[in-house]
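J.: Have a look at the structure that comes next, please.
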Amino acid sequence: MSGYIKDTKWEKSKMPAYQSRTRTRDRSNVLNRPEFLSLNQPFRTSNAEVRGSARRPGQIKHQQSQHPEYLQESTEGGKDRRESLKLPEEDCMQLNPSFKGIAMNSLLAIDICLSKRLGVCAYTSSPWGSVRSMVTLLALTGHGITWICGTLLCLTRSNTLAGQEVLVNLLLALILDVMTVAGVQKLVKRKGPWEINPGFLDYVAMDVYSFPAAHASRAAMVAKFLLSHLVLAVPLRILLVLWAFLVGISRVMLGRHHLTDMACGFALGFLHYSLVEMVWLSSSACQTLISIGTFSWSPFY
């Protein structure tokens, strides 16, 4: 009985050592799994690298002194390899974008989503495709060619100096609006929310891109100009403001502009009106321009 007790005590004393050996063997078995084999493998270098590293520093300096072009090529090759390893900026994800970038991207996403939802007359198969022709006619009332031709026609029929003064300044404001909007559109080159090809009149008026909205800019400028220089009744003034807004929103319904394009167009139209008021031409200057335009001007009189 005492011998049996001694044996059990000896086995218990041996148990921790046995368990430690078992844990070590299990750990080695885990590291021998296929997915962990790369952790156990020593770093291998190619024979060429070993031979290159085995060279003496004196031999390397001697080769560099004898072949300087080899040193230049090797350095250029190293730079090319480092540049090729760099990822392009558009492929790199910004892990910590700024608050301004997040806000701008969110606003642009909302703008595009709302503009697509409002483009109910973009195609004939759209939800409001049946009234597309009427919306197109409404947008045509704010076209640059329409207003320039109409102003020239009224100028030829006008007989008063005050009327001619207003019409000449309006014509200059329309030309300023067309040229400024065309220049900004050419610089920004923003496409519309829907893939719609511009029409012939759009190419003539250089209204090809989306930002800013040329019709909205022209409607805002013309409405403000007429409200300032014509005596109109209150209902007509309300209709004029409503017309300017409907012209701007009609282009969004046709899928040609975003909401932000329309808003910036309205702001640009008010800016054009302010510029024309600052450089307002007098009646004598307008008569001189009319004389030059009709080829009846003489510098000696």
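Glycine is no exception: its Cβ is also placed from the backbone N, Cα and C atoms.
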J.: Looking at 134-155, 200-221, I want to know which stretch TrEMBL calls transmembrane segment.
T.: 134-155
J.: Would you kindly check 134-155, 167-188, 226-247 and say which stretch has the most C-beta pairs under 8 angstroms to the transmembrane segment (259-281)?
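T.: When the Cβ pairs under 8 Å are tallied, 167-188 comes out ahead.
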J.: Could you tell me whether the transmembrane segment (226-247) and the transmembrane segment (167-188) have 3+ CB pairs under 8 A, leaving out pairs under 6 positions apart?
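T.: Contact between the transmembrane segment (226-247) and the transmembrane segment (167-188): absent, because fewer than 3 Cβ pairs are under 8 Å.
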J.: Under the DSSP assignment, what numbers of helix, strand and coil residues are found in the domain 'Phosphatidic acid phosphatase type 2/haloperoxidase' (165-277)?
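T.: Its residues divide into 84 helix, 0 strand, 29 coil.
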J.: To what whole number does the mean pLDDT across the domain 'Phosphatidic acid phosphatase type 2/haloperoxidase' (165-277) round?
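T.: Over the domain 'Phosphatidic acid phosphatase type 2/haloperoxidase' (165-277), the predicted model scores a mean pLDDT of 92.
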J.: Can you name the far-off residues of the same chain, 6+ from the ends of the transmembrane segment (134-155), with a Cβ under 8 Å from a Cβ of it?
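T.: Hits for the transmembrane segment (134-155): 121, 128, 164, 167-168, 170-171, 174-175, 177-178, 201, 204-205, 207, 214-216, 218-219, 222, 243-244, 246-248, 250-251, 253-254, 290.
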